[in-house]
């Protein structure tokens, strides 16, 4: 629990216990979070074990009376917890840590389970017009959206880059670019530079859900945990299937990780390629290098295009996963002294490597004649530089680069780069968006309307206003709008707010004034959006479609 809180900055719920089987995949990162002082948690056990071994305490001394007394104490605690839960069950629940601090950890777990059960019994869905109105927009018919259908019938290749944050784009250290290829690419692309992650506890798998369904992740529990392979949920692959697309997804990890073996059939991929295909050669970190991964992915494209006319490919990298430890021969940056040997330095080395391999992958698409007949989208799944992995030397190095403190705005801001060769000129679009908006934005370019599905995002190239929610990594009730990022109170911190354009923090007085005047009702609206998304998903999964 301690290591979990250090990495994710949140107290784990009972949902998270379901993910213990995946701990091995991130064991290197967990090791970096361990402190020798953590051994103090086991002192009482060690002392008691010593007393038993030395026969100063006998197990026989644990009499029936002792057991009855212990059982009585436990019973009283459960009754008290149940009473507190009943009294407080209808209070607003924004953040598990804060609730646990005020009402106890057991009560926090009870209330999370109660809230989930209550949500599953509701079905109060919103129309798309109502969803847009909550965000301050008026519906525009799809075919009237600017750039609608400019990429009709093109391949769609989505590249989900592990831990890619926006600040690395155009970043230079000692005159050396971190991402020279992507820097050039954005000049000929729609570069959405104000897009923010919205994942929950499912992390990378939640990014897949956001990209392919345009719904909010469930937050405390990975969304994939509630999806069975027999489910048939409305999604991007199922929608594109109507238009003759063959959909496939690629990730050099085991398909059972994050229950993707259930997710992929449910959202309608025709096939997936995981570690069984990519093998265990040229391993960096958690799996085969992105270089090998891209090469073998291109081989699949070659085979598919012999029989398929249009491809939707969801390609996910893995090398730039924490703790970002790169081999010497793949560490291409000559880092300044203050970055050398730090987490942020290692992170930049891994991103530089991915950028290099991305360029080779794109060249492979060009060599095969795929590039000019495609829409290519690149985005980051979530932040990489976060939590207690970030040490004092990282904070100092980042402050030296930014000229200010590294903030949550920097952490959650991810790039979304969309290239339509020969059809759309390069443009930086600074409209605020989230991962929930990526699918609708791409559908507009393809000229595809989201039929028979409810989406909670919108086309970032058409609508100017936005209101985004985030759970798990921010307390429930937090939001991002066109101007600020607001974080609700948690067990560790008071309410916080930052300007998106400067990352400048608001004072407590400014926060209260802004919530009551400038952003009145925004918190209630974002909670309504997320609740409607939850109810939509619950309705889908409780009313399974039969083929």
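Glycine too: its Cβ is placed from the backbone N, Cα and C atoms.
Unlike curated records, TrEMBL annotations are generated automatically.
In TrEMBL, the feature transmembrane segment is placed on 65-87, out of the ranges 65-87, 88-110. The transmembrane segment annotation in TrEMBL falls on one of the ranges 33-53, 117-137, namely 33-53. Binding site for Mn(2+) per TrEMBL: 162, 381, 382, plus 204 from the candidate set 204, 342, 428. Taking the centroid of the Cβ atoms of 162, 204, 381, 382 as the Mn(2+) site, the other same-chain residues with Cβ within 8 Å of it are 160, 161, 163, 164, 199, 203, 207, 316, 321, 380. Counted within 10 Å of its Cβ, the other Cβ atoms near residue 162 (Mn(2+) binding site) come to 25, all protein chains included.
According to its DSSP assignment, residue 204 (active site) is helical.
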